[in-house]
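**Q** So TrEMBL has the following annotated:
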DOMAIN    B:112-302  domain 'ABC transmembrane type-1'
TRANSMEM  B:20-41  transmembrane segment
TRANSMEM  B:116-137  transmembrane segment
TRANSMEM  B:149-171  transmembrane segment
TRANSMEM  B:183-203  transmembrane segment
TRANSMEM  B:224-249  transmembrane segment
TRANSMEM  B:281-302  transmembrane segment
Amino acid sequence: MTDTSSTSLGEAVARAAPAPIASRIRGLSDRSMAWLFITPAIALLLAVNIFPLIWAIYLSFTNFRANRPNAALENVGLSNYSRVLNDPNTWQAMQTTAHFVFWTILLQTLIGFSLAYLIDRKFRGHAFWTTIILVPMMLSPAVVGNFWRFLYQPQIGLFNHIVSFLTGIPPSSFEMLGSVRLSPWAIIIVDTWMWTPYVMLICLAGLRSIPDYIYEAAEVDRASLWRQFWSITLPMALPFIMLAILFRGIENFKMFDMVTLLTGGGPGSTTEVASITLKREAFESWRTGRASAFAIILFVAVFGLANIYVKALNKVKQR
Amino acid sequence: MSSVSTAHSVVEPSRTSKRIAASIVIIYAVITMIPLLWIVLTSFKSPPDSISYPPKIVFQPTLEGYCNLFTTRTRQTPDYIASLGEPTSTCDEITRSRNMVIAGASNYWPRFQNSLVIAFGSTFLAVSLGTFAAYGFSRFKIPLAEDLLFFILSTRMMPPIAVAIPIYLMYRQLGLSDTALGMILLYTAVNVSLAVWLLKGFIDEIPREYEEAAMIDGYTRMQAFFKVVLPQATTGIAATAIFCLIFAWNEYAFAVLLTSGAAQTAPPFIPTIIGEGGQDWPAVAAGTTIFVVPILVFTILLRKQLLRGITFGAVRK
Amino acid sequence: MTVQRPAPAKPKRPFFIRRGPMENIATGLIGLGFLMLFQPFLLIFYTWSLVTLLAGTIMFIIVSKFPE
């Protein structure tokens, strides 16, 4: 493809577009050409993302209810925000989210980095096994949540039977999804199963970005493997680890689909993460104004993290 | 570390450490595949086998799950079933053995088609818009380019439920709720950010000299873009398209909030498959298997580009 | 002790108009906002987390325009 397009250049020029159009397009300044290229994408984003966002900001200052669109719209100022930010239930949802985010990130980073470190030993067949390990992260979180609900069934589920096989606890004596104590962990396990490969892949890139000569120099200095790990491997892979942590943090902060299908926020509200509270507020209680305020709060939090994420991204890019 | 053991290249790990690493990684990979294999196995079980206690590993495979996935059935008396002629298909036979007859097609296939239409439609749009924008960002000096790129990326980071509230209202006004067009537009908007970032990385790697040479030879900028840059960027465009396709294929939050029937995709539908007396797990497993197989194929095709995809093109290995 | 040490190279600008340190402060503010949002101890911290997050984010956007 490449070769033909560059060798036949001369002939192609001869057959080039009719002169008037060509010169008209060539006549455009580079600046207007640039806008011609990027405007369609920006316009779409403005229409489908930014316009709704501004609408949501507007709604968050009103008492609008989507199930009563014709009711009189009243400006309520900041009271939606102050209600959400003083509501013990949403505060509780934030803590549930925090618990989920903290443990998933901790587990995924530990397991993911260890796996990457092992795969970086470049044993035979490592590429094949890496591909196998990567499969879960490509799946749909909703579909994953749904089939793990099957694996977690107390009588018939495979998970309970494997636990019982390993520990001797009878398989029907515990309910991963039905018990207040275990259900947060049920979600953490599924998320870790699904997203550890993500962290692993980025850590692996980090480990591979460390040039060999640094290790060779360390070897000349007779630095122990332990020293090498702490003073070369870890610090040099750290920007990559941070990148993975930030992205997982953002994603899990707004986690919705997997949790909805696993527990739906239950039992009670033990696994009700922020997105589920928001969904209930917006699409079940129909307090649209208040839900919008909550949505803006979540958005500000994610936007703040996204800033840091892009900074981390640029740091990694320079390597 | 004795000096003897460092006779080989220091960067090359020793044989024992390789062997240990290999065994741990392989054990992890096998464990990680168990849930998926279990779903595939379950899809070939009969409903009683799927809920047996303890779970059955050895069982008589049947296509009942797949039959139940694609059909709706009604219970009939044995006399009525005996009065029917020869069964016309395997599914017919299986259904009759359960004292039921096939009443019609289920909603799975229409939902699956919706998934296909919406995923391919939005991918095509997102990649087209994304290629143009990426080229613009890569080759021209655009004022505030950094900020625009960040703005584009940040739209992807928005919590879906937060965006869904105003989108729901907007679509209700425009008559786009529960339409394929509405979903295509929405997924295009979400995917275009990924497409711009990824493709910018790919286009940055194509030397400018190619187009400059073409333009000196008399090509216009547009001709140079279509005839020189696009053929060079084919791999990148294909990889980006697959990423967009996978996102649109897998998406659930928008789909469950904004569609209910006509334009519903497979992910919100699969969990609602219900049989007699509770969830029909073999049918759910069959639906999941069919839904997941394309992703497995794509993962294998994409394995070299995955890293780029998940870091928005920043890490290129 | 009386040995004259070479004066450390002075940064060209004071830190509050340089990008690096100010970005770190903004990052810290966003981090603090998250801690306030997530902590289970005092409702008042949760109440003010949004303001902290907003301040950190706006500051981040502004200082990222500063020269290095």
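From the backbone N, Cα and C atoms, a Cβ is placed for every residue, glycine too.
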**Q** Which stretch from B:116-137, B:183-203, B:224-249, B:281-302 shares the most C-beta pairs under 8 Å with the transmembrane segment (B:20-41)?
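**A** Of the candidates B:116-137, B:183-203, B:224-249, B:281-302, B:281-302 scores highest.
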**Q** Against the transmembrane segment (B:281-302), which of these stretches has the most C-beta pairs under 8 Å: B:116-137, B:149-171, B:183-203, B:224-249?
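**A** Against the transmembrane segment (B:281-302), the leading stretch is B:224-249.
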**Q** In the same chain, which residue numbers or ranges, 6 or more beyond the ends of the transmembrane segment (B:224-249), come under 8 angstroms Cβ to Cβ?
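**A** Distant Cβ neighbours of the transmembrane segment (B:224-249) are 115, 118-120, 122-124, 126-127, 130-131, 135, 187, 190-191, 194-195, 198-199, 201-203, 206, 210-211, 214-215, 294-295, 298, 301-302, 305, 308-309.
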